[in-house]
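Enquirer: In case it's useful when we look at the structure, here is the feature table from TrEMBL:
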COMPBIAS  82-93  compositional bias 'Low complexity'
DOMAIN    174-272  domain 'Methyltransferase type 11'
REGION    41-96  region 'Disordered'
REGION    173-182  region 'SAM motif I'
REGION    236-244  region 'SAM motif II'
REGION    263-272  region 'SAM motif III'
Amino acid sequence: MMMMRTTSTTSITTSALHFRTCDTQSASASATATATSLLLPSFKPNNSKKKKKSNFVLLHQRSSRSSSSTRVGGRGGGGGAVTRASMSSSSLAEGGGAGGVLQKGIAEFYDESSGIWENIWGDHMHHGFYDPDAQASISDHRSAQIRMIEQSLSFAGLNNNNNEESLKIPRSIVDVGCGIGGSSRYLARKYGAKCQGITLSPIQAQRAQELANAQGLGENVSFQVADALQQPFPDGQFDLVWSMESGEHMPDKTKFVNELIRVASPGGTIIIVTWCHRDLSPPEDSLQPQEKELLKKICDAYYLPAWCSTADYVKLLQSLKMEDIKFADWSEYVAPFWPAVVRSALTWKGLTSLLRSGWKTIKGALAMPLMIEGYKKNLIKFSIITCRKPE
């Protein structure tokens, strides 16, 4: 049975949760060695039929040379603009400091790797939701990614099929950390809503708009390069604020959550699905040294700042007077995901794509067994946290 807990919204005093970024400048040799020893013997490559290279892979190869402003086709020939698509990955670091370096690393990582992901897994760049102990094929994994969206909406009370009159249908949605727009397009189509997606990756924003236009959604869905900690939207604009696996990239969780709340409309729903570390037990004031070391290796590979726990998010939302706060650990429901990603990386298509992609993507692939290890040790938690902004 799915675990769900509801918290009271009693105000508590909590200090601001600021997190230091991990060192993204040096590749961890020990992480690479560990990942290689775990990755290569664990699975045997499966041969798959060689398919035509996706347009996105070709787009990436062109766009990585130049990130000039682009207007993509659609909307009856007018085209949907990718706002601020001219922002290069290097410009993201102009603010200086660890945050700018982290943003640059994130943007370049996704510029480099998103084409491979779409070519193998499709347009949803997040975990799937499975029955525990499920054995699934690639097609099942894509269905599981849609199921993750639906389960998240149900958890937040936005899929109340038995009482439609009381269901508040979102008409305006923001997808914070949108990837290539899979969730944005799905939500816009499901609710007939307007949806705006933001990402640090110019290549992701461009590809997301291309797909929206190709699917006839260019009038309702748009994407731009923007910082989730400084969102380019007015206060109270969105009925649904959606963050699917982007919170783990945020160096300042307090600022991140405050921005989600700021852009939510009164009565709006906020959904955060994110990677967390385990909650600390009452005697603990920090994770164990070996746990910190494992997370640091993952940080180095995926351009992550320091992690926080689900309890940290809940306390923060409570302190900000959010209502209907709910949270759950869905780790058992995502267990098949990372082994499946490893297997897909070891197919002929996966291996050749990795070799063409660049070091950042290869380093991320080598770190995948570390994620599996973290889940098995109950260190990494796949968490959902939802709440409602007061009217």
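We count from 1, first residue shown onward.
Here the Cβ of each residue, glycine as well, is placed from N, Cα and C on the backbone.
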Enquirer: What mean pLDDT does the predicted model reach across the region 'SAM motif II' (236-244)?
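Expert: Averaged over the region 'SAM motif II' (236-244), per-residue pLDDT gives 98.
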Enquirer: Pull the DSSP breakdown for the domain 'Methyltransferase type 11' (174-272) and write it out as helix, strand, coil residue counts.
Expert: 37 helix, 31 strand, 31 coil
